[in-house]
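These features come from TrEMBL:
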TRANSMEM  7-28  transmembrane segment
TRANSMEM  48-72  transmembrane segment
DOMAIN    50-180  domain 'Peptidase S54 rhomboid'
TRANSMEM  84-102  transmembrane segment
TRANSMEM  108-124  transmembrane segment
TRANSMEM  136-154  transmembrane segment
TRANSMEM  160-180  transmembrane segment
Amino acid sequence: MHPLRRALTLWGALIALMWLLLIIDWVTPGRLIDYGVHPRTLDGLLPGVLAMPFLHVGIAHLFANSVPLAILGTVTALRDWKGMWTALAVTLVVSGLGVWLVSPAYTVTVGASGIVFGLFGYLLGRGVFLRKIADLLIALLVVAAYGSMIWGVFPSVPQVSWQGHLFGFAAGVGTAFLTARARTIAAATGAGA
């Protein structure tokens with residue numbers, strides 16, 4: 001499958017799943033968002049950490065995540081398919097655990113913004129740590145398009161989980177650092193990049 005088609009199919013399917021879950025939440029008497037992260041409770045750890053990015057509180061919330069998720073996810077997939085999966089997995093777990101550890105008690109956190117911030121951090125980190133022209137240019141374009149997002153890692157808007165943003169961003173940058181380091185070591189030892 002062509003890389004662009006593969007990336008669009010993957011991110012289109014993940015975003016479609018999020019929209020489907022939002023519709024199910026509207027038409028059923030249950031509240032799927034109750035499966036989000038409940039800080040420092042065992043019941044809120046699992047499935048909360050895994051479910052959090054797929055659940056949203058409404059159309060505006062999901063739309064605000066869908067567009068940057070589609071763009072940043074597709075760019076990440078086109079640049080580094082394997083690294084995208086690593087960044088996605090690490091960001092999902094770290095942002096969810098971060099929310100679980102430090103968010104206020106008796107709250108429920110849902111939404112894919114931890115993943116959005118993770119992909120943002122990963123693309124920026126690739127530019128900084130790999131020091132390749134293409135990755136630096138992508139990092140600059142990401143900053144130009146989404147640079148103001150960085151303010152989302154600070155507590156500023158009530159009802160918005162800055163914790164998920166912060167831990168997602170840190171996970172993305174950390175993943176970029178570790179994957180760049182692994183490539184450098186592999187290249188130095190002749191194991192390939």
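In case you wondered, yes, glycine gets a Cβ from its N, Cα and C as well.
Any TrEMBL annotation is an automated prediction that lacks curation.
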Composition by DSSP (helix, strand, coil) of residues within the domain 'Peptidase S54 rhomboid' (50-180): 106 helix, 1 strand, 24 coil
Contact call for the transmembrane segment (136-154) and the transmembrane segment (84-102): at least 3 Cβ pairs under 8 Å, seq gap 6+: no
Same-chain residues near the transmembrane segment (108-124), Cβ under 8 Å, at least 6 residues beyond its ends: 18, 33-34, 36-39, 44, 48, 51-57, 61, 64-65, 68-69, 72-73, 75-76, 79, 83-84, 87-88, 90-92, 94-96, 98-99, 138-139, 142-143, 146, 149, 152-153, 161, 163-176
